[in-house]
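*Asks:* Sequence annotations record features per position, and here TrEMBL assigns transmembrane segment to 41-61, 81-99, 106-126, 156-177, 198-220, 232-251, 346-366, 398-418, 430-451, 471-494, 503-527, 553-572. Residues or ranges marked as region 'Disordered' in TrEMBL: 588-611.
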Amino acid sequence: MDMEARRHDTKGESVCVVSEEITVDWRGKPSNPNKHGGMRAAAFVLGLQAFEIMAIAAVGNNLITYVINEMHFSLSKSANIVTNFVGTIFILALLGGYLSDSYLGCFWTMLIFGFVELSGFILLSVQAHLPQLKPPQCNMLTGGENCIEAKGFKTLIFFVALYMVALGSGCVKPNMIAHGGDQFNQSNPKQSKKLSTYFNAAYFAFSMGELFALTLLVWVQTNSGMDVGFGVSAAVMAMGLISLVSGTLYYRNKAPQGSIFTPIAQVFVAAMFKRKQICPANLQMLHGSQNSVPSNGLVDPSSDPCRLVHTQRFRFLDKACIKVEDGSNGKESPWRLCSVTQVEQVKILISAIPIFACTIVFNTILAQLQTFSVQQGSAMDTQLTKSFHIPPASLQSIPYIILIFVVPLYETFFVPFARKITGHESGISPLQRIGAGLFFVTFSMVSAAIMEKKRRDAAVDSNKILSIFWITPQFLIFGLSEMLTAVGLIEFFYKQSLKGMQAFLTAITYCSYSFGFYLSSLLVSLVNKVTSSSSTNKGWLSDNDLNKDRLDLFYWMLAVLGFLNFLNYLFWARWYSYSPPSVSTTTQQGTHGDDYGFTNSSKHVGDESIP
């Protein structure tokens, strides 16, 4: 039995089954490996992912233009509307992951909330089409002070539609990744390798969706109106739902297993009740530990494939495993007594939180590329030919044009080459991939700051307008960085040994986007407040005119913040990779320690070294 098969544990000690036993077909019958799952089934999910991101990206990436030009909000307020909208999408991913793992399953969660998202797109199209649902037309560039900002019922309809889209997209996103990953049996070495390929394919589908959204759909919005653009997004989303339903006969479905928070809460509650207890010196006395040792002193890992090895980290949680000798034969409540495996699962989850936190600044930088960088493009020469102008929102298609070539090259050439050197099935470990991405993202902001200073000086000092292509480097660098960080983070969390929580763990990765965009809104407000020293001295980002703002200084601040965040990540990644096993456990396991379970936290995700 390979290591992956030995990691198929669930939420508690009472249920412990390998993945094949808990996957069913569309009728609820056990899935057939010859008919269900694999890349064929995952391809239908990839179709939904490409269409869904196409629909939501076309709205999100051009939303700031709509709320300024049509709803007449100020630049800073519009930027916050966009970042709050995107942030809400990703924080609602937690709801989608919880409902999926606990009650609905991935397929039904995607189908139900996919229709909610579709309804939001339709309502946005109606709101953008009807003049009575918008303020009077006005040019914000020439007469911004006289333009009437949307209020009352008009804003109500707009925000209801916008957050219907957010609710639907948020609940769909984590389940697309998780459901696609569920099509591969990790206990099979060949399919385990294909799982890594799937994650790269998912990012390729994401890149294709973004590319079409930022070129074709944004062009439609710019030339045919936002009402038509929102309508096209609705049609694209409908195509995604058709793709999802078309694969129904081929899916391996993991059945929901009740509230995923219950076994986690049980550990904390039990540890609190027994906080005054002293852990026994002999760790075999802990509930769920190996009770007998073979004559050769080695534990056979196949004797219990679902048990995790006790580690020294977060020792206060071990008190949840202490068996109280009260003279009665009654069995303790699961809220008072937990197994070592259950406690170790909670330890793994806590240990992964700093890794997640280190990607928040990364997504704060992403927020700038979807807001202020679009406005940068609006202040530059967008003319490509005599009759064609590049929509500023389409600038974000630049990295995806490159990535549709880079991602296949990465999977075809780099991964096999790196695999020969590292022995890792993904080429490099997820933690190494995340670290490389966090390192490169700093240079995206350095490039943005240098370019913005050049653009502003040319406009103010020489009255020249630079070509929009000057800002392409910052998008190119960020695209490479995102390919490394985003895919690495998803693979890292999906492969954690918390079975039955794949959708929720994937949702946690999306929360990084949410917190990043919320942090962006906070930084914009904070920077404006700090840099406004007097009533005559406005903040760096307080004016609607980029030629008067100091966006370049804001970008430099983010570059410094990004580099400090990278150094912080190095510390936590090394800390995560070293989790010493308990002494008695090491003695028992001998040479089988690494194969059996998790004597080192890096073993359960395959991260032996950190960049």
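Backbone N, Cα and C define each Cβ position, glycine as well.
TrEMBL annotations: computationally assigned, not manually curated.
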*Asks:* Per the 3+ Cβ pairs under 8 Å rule, pairs at least 6 apart in sequence, do the transmembrane segment (232-251) and the transmembrane segment (41-61) touch?
*Replies:* yes
*Asks:* Report, as numbers and ranges, every residue of the chain located at least six residues beyond the transmembrane segment (553-572) whose Cβ falls under 8 Å of a Cβ in that stretch; write 'none' if there are none.
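*Replies:* Sequence-distant neighbours of the transmembrane segment (553-572): 354-355, 357-358, 361-362, 364-365, 368, 372, 434-435, 438-439, 441-443, 445-446, 448-449, 452, 523, 527, 540-541, 610-611.
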*Asks:* For the transmembrane segment (503-527), what are the same-chain contacts with Cβ under 8 Å, counting residues 6+ beyond its ends?
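*Replies:* Residues packing against the transmembrane segment (503-527) from afar: 76, 79-80, 83-84, 86-91, 93-98, 100-101, 106, 109, 170, 173-175, 177-179, 181, 260, 356, 359-368, 371, 486, 489-490, 493-494, 496, 539-541, 554, 557-558.
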*Asks:* Who are the long-range neighbours of the transmembrane segment (41-61) in its own chain, taking Cβ under 8 Å and residues 6 or more past its ends?
*Replies:* 82, 85-86, 89, 110, 114, 117, 121, 124, 165, 169, 172-173, 176-177, 179-180, 183-184, 198, 201-202, 205-206, 208-210, 212-214, 217-218, 221, 229-230, 232-234, 236-237, 239-241, 243-244, 246-247, 250-252, 370, 374, 393, 396
